[in-house]
Amino acid sequence: MAWPCISRLCCLARRWNQLDRSDVAVPLTLHGYSDPGSEESGADCSVSRGNPSVAGARESSRAVPLTQYQRDFGVRTARAGSRDAAQERPSGPGGRRGQSSAPPTRTVYVLPVGDADAAVVATTSYRQEFQAWTGVKPSRSTKARTARVVTTHSSGWDPSPGASFQVPEVRKFTPNPSAIFQTSAPQTLNV
């Protein structure tokens, strides 16, 4: 008989290569590195650094899949490590690039309500494949049992324990299977 899979690590290792970006809860970011998906030749990189509008057009034309975090909370982030996205930001009033200082717009994502197909699309594969373990025993009660305290005197707290110390009396009863002999003999009635 095989041991049960306790930690589910074997399941994670088996499906690790099947993960897509929506299964990662927190968007992963690489600071200071170029995007691995946008590997270009050295000449193109120098042109894109010099002219941010051309690189921005290339970036916006490519479809970027949203992560589960972005789907749930509507967060739109710039690509990790792209220097062009940082250069395209407006630099405020009187900026060096002469761009207009428009206030940044905030987008709010509203979760779909009532559509069953949209709810299935919004969940990840692990949420769809979840099954509760069967055959698990319920845990024992953690309720503490009441302890009985035997006191030897009724005065309560005594500041001098040596003077009033009494050894608790220990009574041992021998087991007696017959209940008849445990009581005194009945007295005869005088009529």
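Even glycines carry a Cβ here, placed using N, Cα and C.
Positions annotated as S-palmitoyl cysteine by Swiss-Prot, on the basis of similarity to another entry: C5 (among others).
Per Swiss-Prot, S-palmitoyl cysteine is recorded for C10 (among others).
The S-palmitoyl cysteine annotation in Swiss-Prot covers C11 (among others).
Among the features that Swiss-Prot reports, phosphoserine is placed at S38 (among others), with the record citing a large-scale study or a structure entry.
Per Swiss-Prot, phosphoserine is recorded for S41 (among others), and the stated evidence type is a large-scale study or a structure entry.
If you look up Swiss-Prot, you'll see S160 (among others) marked as phosphoserine.
According to Swiss-Prot, the region 'Disordered' annotation covers 31-106.
The feature region 'Mn 1' is assigned by Swiss-Prot to 123-136, with similarity to another entry given as support. Per-class residue totals from DSSP over the region 'Mn 1' (123-136), listed helix then strand then coil: 4 helix, 0 strand, 10 coil.
Residues or ranges marked as region 'Mn 2' by Swiss-Prot on the basis of similarity to another entry: 158-170. Over the region 'Mn 2' (158-170), the average per-residue pLDDT in this prediction is 64.
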